[in-house]
Each structure stands twice: as C-alpha cells, then as structure tokens.
Amino acid sequence: MTAYKGEVFNLPPDKSISHRAALIGALADGTTEISNFSGGFDNQSTLGVLQACGIRLSQDIVQGADGRQTRHVVLHSSGLWSFSAPDAPLMCNNSGSTMRMFAGILAGQPFDSTLVGDNSLMKRPMKRIADPLRRMGAGISLSPDGTAPVGINGTRDLKPITYELPMPSAQVKSLVAFAALHADGESRVIETLPSRNHTELMLDLKTEALSDGRRAVIIPGGKSLEARPFHIPADPSAACFMIALGLLVPGSEILLRDVCLNPTRAGYIELLIGAGADIGFENRRVIGGETIGDIVVRYSGSVEPLRIDEPSIVANIIDEIPMLAVFSACATAEFELHHAAELRTKESDRISAVVSNLQRLGFLCEEFPDGFAVKGRQRVPSGKVILESYDDHRIAMSFAIADKALESELEISDREIIGVSFPNFFDIIESLRQ
C-alpha cells in the first residue's frame, strides 16, 4: 500500500469564512479586500448573487513571495443598502449557505427577489429561515413542501428580534444577524448549543452567557459597517480528508499548513486524538479573531472506534461526520452515531448514503432515524465496487479516501461533484504519494 508523505500548502480556503467575508464586504461601507478566497463552486455562487444584485467586485489570481497562487477578491460597497433589485431569480447553484445567509440580507432590502438553486438545493428545507425573517417584517414565500424557490419581499423597516434557535445552526444564526443589521434597534439570537461562530467574530458582535447556560449573540441594528480586509485560512472540513488519509495508510506522515483551528470547527480533531490518533499542532496563532495553525498527522495503526452521541458535539462536527464514519469503519470496522438527524437534510441524505456505500463494501450497518452504527465487516468484495456519490461532495471525498485505505478496487460515480468544495482534492493526494 502506497504511503502518503509531505507538506500541503494549498488546502482549499475555508468555505464558511469565505462566504461570510464576501457578504460582510458587500454590507460594509468602502472597499473590502479578501486574500486567499475560495475558488470552490459554492463560494463562487455567493459572488455571483452579489454581482446580480449590483455589488461591484473583482477577483484575480495572485502569486505570493513563496510562489503560491491564491485568489484575491475586492468588493466595493456604500453600505447596508447598496444592493439593487435583480433582473432574474438569483441562482445559488448547490450552495445552501448562499441561499440561507443571503436571504437575511435581502430581507432588509426594499425590493422583491427570489432565490433558486440546482435540483439538490431545491429539495432542501428552508422553513427554518422563513420564521425569523417573517417575525422581523419581511415577506417570505416557499414551495408547498417548505423548500426553494425562496421569495423575499424585503423592507427597510425590519423590526429587531429576540430569536431562540430551535436547533444549532450557524447559517440561521448568521441570516438573522445579517437581517438584524438592517433593523432599528438591538436584536438577540439565543442558542442552547454552540454552533460555529465565524459571523460573531467577523462582525465583532458581543455575546452574553445567560443564567440557564445558553448564550445570546447581540446584534446592534442600523449602524454602518466599516470595510476591513479579510484573510481566509485553510478549511478544516477539507483538512479532515487529508487527516484521515494520513491516519489510515501505513507509513504516512502529512503536514497541513495554515488551517483554521477555531474550536467550533476543529472538534472532530479532538475526537480523533481521544480515540488514539497521532495528530499534533504547530505554529498556532490568532489572525482576525481566528485561531490558525499547522496540523501534523501520522499513521495510527491502533485507534478506538468512534462513538458520537452528544448533541453538543454533533452540532460542531456535522460536516465531518461522513469522513469520521468512513475512517472509523476502515480503521476498526466499528462506528456509532446518534442525534444527527440533520444529516438527512444535507446535499444528500448522508446517513443513508454512508450506510449504503459501507454495505456495498461488506460492512454490517444498522440505520437509525438520527444516525447509524457499523458493527463489523462481513466480507471483502471481489472485483470492482461501484459506489454512489449521491451528488454530494463530502460523500464522494469520504469514499475516495476509503479507496486508498482498503484492499478493494473502488469506483465512485460522478466524482466531479468534489469540485463544489475541493477542486484540487485529487491533485493533493497525488502530490503526497510516495
């Protein structure tokens, strides 16, 4: 089995921070420069809807002193109400982040608009974004199934709100925050379980610990935002796949540079370390409120099976669960997950997708409404095994890593979907081959 060794300087820039940097730049008064912006399809969708609403922006590939090429985005805006009515429905493609968070901005604009997406996105639930925006005074329409198209009758007279998140959701928290910036007065978002906090950090929002253990995010309304520069670190959700590769393949040692180590994003790494994975950190520092550092990964021949059953943990590793499940199955033939029904509403039903593919590889699985378990491997398939991507980039990447770790010949359908978030996925893997 081929070992994978070397340094990775070109992991994809963080998707979550890239989305937010572009949206905040469009809301700020002045010129916003974003270095190392993501070139993935989802983040390009965000730039596309901004341009369709009249925001002036440019993006260029620049070469740094170290020879690396990165994407530099510049946005020009005059503030919160710089947007103009689009000529057609706004195409978000496959990006749920674009659709949900941009809805919060459009709710505060004095025109009507409609958000649409590809076939996958048009099936995803959008009721969760309608309730807070309607309570603030915007008109929101959905399909009879509660999905897109999302019709928005915006207004400059949004009311402030105190909104309790019914479930952990950084996207809903962010859309309420973006809408609340346009309101006349202070708004609060109450969360019982923490979710990723990039929006709070990037907007420099105050938070308050409540007596019952919950947390309030405080958003002042009607105040101008000043443009500021942003630098986008490497995406920890993308790093997850290279970490799994290094842990699973004998003889491997991989160094991942400049990765976002925000505690609300790197919880999966602590899970892996707790299971016995050989993972270390170097060069930790804080830039723009975000903790960034290098991750060192070495092959770990003996790890404990992963069992994930705490809602507070699930909320902050939801994107990494497919890879964690495949990792644990490949390493130990065991895995167990509960309290993750949210996975069924992602780009695919990720619970069923992971279970189906693992079963094709001979693993014994039990599926629950909110998770699943892997209980050993009954057989090793002979010949080529064709696995489904389910048009889901994270499913495709998770099983592409399994292809390197298992003694089976695997083929993944429609693997081009990986370009949604990780265009150079296979290039990096090939560069690490020894």
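In case you wondered, yes, glycine gets a Cβ from its N, Cα and C as well.
Close to Asp319 (active site, proton acceptor) in the fold, though at least 6 residues off in sequence, lie Ser237, Arg394, each with a CB less than 8 Å from its CB. What Swiss-Prot lists as active site, proton acceptor is Asp319, and the listing cites sequence analysis.
The local packing around Arg394 (phosphoenolpyruvate binding site), expressed as other Cβ atoms within 10 Å of its Cβ over all shown chains, amounts to 30. Under the heading phosphoenolpyruvate binding site, Swiss-Prot lists Lys15, Gly96, Arg124, Gln171, Arg350, Arg394.
Following the DSSP three-state reduction, the secondary structure of Ser195 (3-phosphoshikimate binding site) is coil. For Lys15, Ser16, Arg20, Ser169, Gln171, Ser195, Asp319, Lys346, the entry in Swiss-Prot reads 3-phosphoshikimate binding site.
Its Cβ placed at the centre, Ser169 (3-phosphoshikimate binding site) has 21 other Cβ atoms within 10 Å. Cβ environment of Lys15 (phosphoenolpyruvate binding site): Ser38, Gly40, Asp42, Asn43, Ser97, Asp235, Ser237, Ser421 lie under 8 Å away, each six or more residues apart in the same chain.
Ser169 (3-phosphoshikimate binding site) carries neither a helix nor a strand DSSP state and counts as coil. Between the CA atoms of Arg350 (phosphoenolpyruvate binding site) and Arg20 (3-phosphoshikimate binding site) there is a gap of 25 Å. Within its own chain, Arg20 (3-phosphoshikimate binding site) has Met101, Ser174, His198, Thr199, Met202 as residues 6 or more apart in sequence whose C-beta sits under 8 angstroms from its own.
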